[in-house]
Amino acid sequence: SFVFIQDLSKAMSQAGSSQFQEVIRQELEYSMKVELDKILATAHSNEIEHTKKDLEGFKKLFHRFLQEKGPSVDWGKIQRPPEDSIQPYEKIKARGLPDNIASVLNKLVVVKLNGGLGTSMGCKGPKSLIGVRNENTFLDLTVQQIEHLNKSYNTDVPLVLMNSFNTDDDTKKILQKYSHSRVKIYTFNQSRYPRINKETLLPIAKDVSYSGENTECWYPPGHGDIYASFYNSGLLDNLIAEGKEYIFVSNIDNLGATVDLYILNHLMNPPNGKRCEFVMEVTNKTRADVKGGTLTQYENKLRLVEIAQVPKAHVDEFKSVSKFKIFNTNNLWIALSAIKRLQEKNAIDMEIIVNPKTLDGGLNVIQLETAVGAAIKSFENSLGINVPRSRFLPVKTTSDLLLVMSNLYSLNAGSLTMSEKREFPTVPLVKLGSSFTKVQDYLRRFESIPDMLELDHLTVSGDVTFGKNVSLKGTVIIIANHGDRIDIPAGALLENKIVSGNLRILDH
């Protein structure tokens, strides 16, 4: 088996035989090529072109995967970024805005990463279609924000959605409802790559289809795929031809990622006359963000280092809030002409993320992925901007959903802003137990969303329900033991309370 070959290869490489490893690599690449050719042969004539592009892209990634050894960074070379390479947002905002902000806005395209499903929150279909606030979905809020911009400044900022084969059909169906809104909406699809068997390193797909039982054979290869698929779709060239110059890219589930006019102005009218091709918004780490990727200086370039690339011995150091104070929000501003230039030279270099998965039947597979921010080192004159935490408001779990649905935030033209009534600008720490994981269970357990303006910390575990108009203040911990149930009565005020055991208040 492959594992035996690995052991043998290790033994022989220690004996100084890199030729042996090279032979094995070539054999694996050849076997992969044979399998991919078989898959391509099953494509219908109208699928051949894009399937071929996908498989070519995958072959390049697989080739690099076989070449690379161990974590992709040499820890000794990692340095703190130079002072001026990460600018404070206040400094950029202090420059103010020019009179002709509309002409600057007309050079912008907003791109949302929309490849993800809502499965982690117990929902079927695209995550962007989950209701977040007053029946509005992530997608609704995004369209409202851009429409508000276009109306306020009389501009034409388009929205581009990068879908995956998992989300494309459902998203396109829903887009019809925005046909009268003042936002042009375009979509393009991420590549579709084959998952590979962890033991044999061969694809598990036998043909090109990806429906029914074959859905597990394929995957979208991470958001680093944006450069190739945006370019291949032809949309990149069309937008350049329309005079667009920058894209603002962010995850569709980050509700803080709105168009920032000060950052856009800094890009279009740089103070030193030299334009940045790539800006990454970073923000200060809190204890909750220890796993986020961080910006470092590496071989005289700004470089994003993710936890997966860190040698095991240094993981704790990587997580420390004192040495690496910031993390990547994945809000990125990138020059369109630079993407085109680098894509044509095949010069975008992103580290490979090896993502192991176990399929429903128990088969172990790996997915080879890349991350959009990792390309920062391939661009010229890159910059980090340390933005306020409010620009990073991701909704990954129902605990996050509770925060954004609550009175901590007010909604205005699709943008959420923290309520002025909150005394301090940090968000409470909320941990909801497994009974709340799925959106429909979560919604069933709250008759109305509690007042959380003065909440610091909420932990809920077990079978707990909340009546209408509950207020939570300070630190509140509610733990229902196994088999018990706790119903927080309507109108209750819990301030610095621990509620445990079996609290059922019954109407009589």
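The count begins at 1 with the first shown residue.
Just so you know, glycine gets a Cβ as well, placed from its N, Cα and C.
Since this is a predicted model, take the numbers as computed values, not measurements.
Feature annotation from TrEMBL assigns UTP binding site to Lys127, Gln190, Gly222, Asp253, Lys396. All protein chains shown were included, and the count of other CB atoms within 10 Å of the CB of Gln190 (UTP binding site) stands at 28.
What TrEMBL lists as substrate binding site is His223. Around His223 (substrate binding site), taking its Cβ as the centre, 23 other Cβ atoms fall within 10 Å, counting all chains.
Those residues noted as binding UTP (Lys127, Gln190, Gly222, Asp253, Lys396) have their most widely separated CA atoms at a distance of 21 Å. In this structure, the C-alpha atom of His223 (substrate binding site) lies 16 angstrom from that of Lys396 (UTP binding site). Of the listed binding-site residues, namely Lys127, Lys396, the sparsest Cβ surroundings within 10 Å are found at Lys396.
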